[in-house]
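Encoded as structure tokens, the structure appears first; notes follow it.
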Amino acid sequence: MNADLFIYALPAFALLMVIEWIDNRRDPNRPANGVDRRDTTSNIATFALGRIAKPILAQVIPFSGVVIAAHFTPLHLSPGHWWVWVAGLIVTDFCYYWAHRADHRIRLLWTSHSVHHSSRFFNFSTAIRLPWAHPAANILRGLCWVPAALLGFPAWMIFVLQSIGLLYQFPIHTQRVRTLWRPIEFAFNTPAHHRGHHGSNQPYLDRNYGGILIIWDRMFGSFAAETEPIRYGLTKDIATDNPIKVNYTELVDLVRDVRSARTWRGRLGYVFGPPGWTEDAAIPDLEKAPAAA
């Protein structure tokens with residue numbers, strides 16, 4: 001994410017969090033999983049430590065593939081045309097959809113992204129509960145924007161548009177807004193859709209990956225409407241508000257599983273398979289398997 005854009009937006013983020021907190025306190029029917037003091041403090045601390053622990057190189061290196069692809073591609077689009085910006089926003093949002101989907105389906109990426117999903121509450125402060133110092137996951141994830149560079153969009157434009165997409169997602173982390181105008185709900189990611197994305201119960205698990213546009217989920221079969229009560233957080237709660245544990249619990253679990261794996265297939269499965277994948281489930285029990293005819 002473009003650090004400058006994010007820093008400039010912090011005052012607006014802080015104001016929205018205060019407004020949401022006041023509105024939540026005044027509501028006699030406020031949800032129990034709306035705003036929590038300890039959780040909000042943990043979210044802010046996780047974000048603050050990330051800003052300190054994440055040097056510039058840690059932000060640039062993950063997108064080095066985009067820079068290289070933009071340099072060598074024979075296609076070069078001029079940012080001087082307005083339609084290039086519109087097309088770029090759509091293309092980078094499409095790339096984000098697949099990066100976000102990979103976050104949930106590749107465990108190495110999930111060790112980083114699970115930080116954002118580990119809160120049992122859902123509010124504006126959840127939006128800044130972001131991971132830091134996960135270089136391997138970040139480098140792999142950054143490859144998802146290489147197609148945009150190969151199409152001719154300048155690397156710096158991709159960075160800016162990616163930042164705009166992430167800034168868009170801050171205000172949709174709320175329970176204070178129910179649903180919007182139907183055409184908006186159909187095409188765009190909204191608070192209702194993103195609440196579903198943060199659900200750890202069915203039918204919401206691994207759904208609604210879109211950044212700005214929700215049409216990608218409708219097109220690729222990953223959309224779920226908000227119909228049932230949502231349980232926020234992970235399927236296995238990490239039960240801590242410690243920012244360091246929040247950031248590294250899943251990574252520690254991954255390392256433990258890899259070390260205990262009996263085969264290289266198991267080790268690779270734990271790293272690149274989906275969260276929840278186990279070596280025992282992947283390897284058939286030959287003693288119990290019926291003999292081949």
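In case you wondered, yes, glycine gets a Cβ from its N, Cα and C as well.
According to TrEMBL, the feature domain 'Fatty acid hydroxylase' maps to 85-222.
What TrEMBL records for 6-22 (among others) is transmembrane segment.
Feature annotation from TrEMBL assigns transmembrane segment to 56-76 (among others).
Among the features that TrEMBL reports, transmembrane segment is placed at 82-99 (among others).
With a cut-off of 8 Å between Cβ atoms, the residues of this chain six or more beyond the transmembrane segment (143-168) that come close are 1-2, 5-6, 9, 63, 65-67, 69-71, 73, 75-77, 79, 84-85, 88-89, 91-93, 95-96, 98-99, 102, 189, 211-212. Per TrEMBL, the feature transmembrane segment maps to 143-168 (among others).
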* Contact set, same chain, for the transmembrane segment (82-99): CB under 8 Å, 6 or more residues outside the stretch -> 141, 144-145, 147-148, 151, 153, 157-158, 161-162, 164-165, 209-213, 216-217, 220
* To do: Let me know the model's mean pLDDT on the domain 'Fatty acid hydroxylase' (85-222).
  => 96
* To do: Sort the residues of the domain 'Fatty acid hydroxylase' (85-222) into helix, strand and coil with DSSP and give the three counts.
  => 89 helix, 3 strand, 46 coil
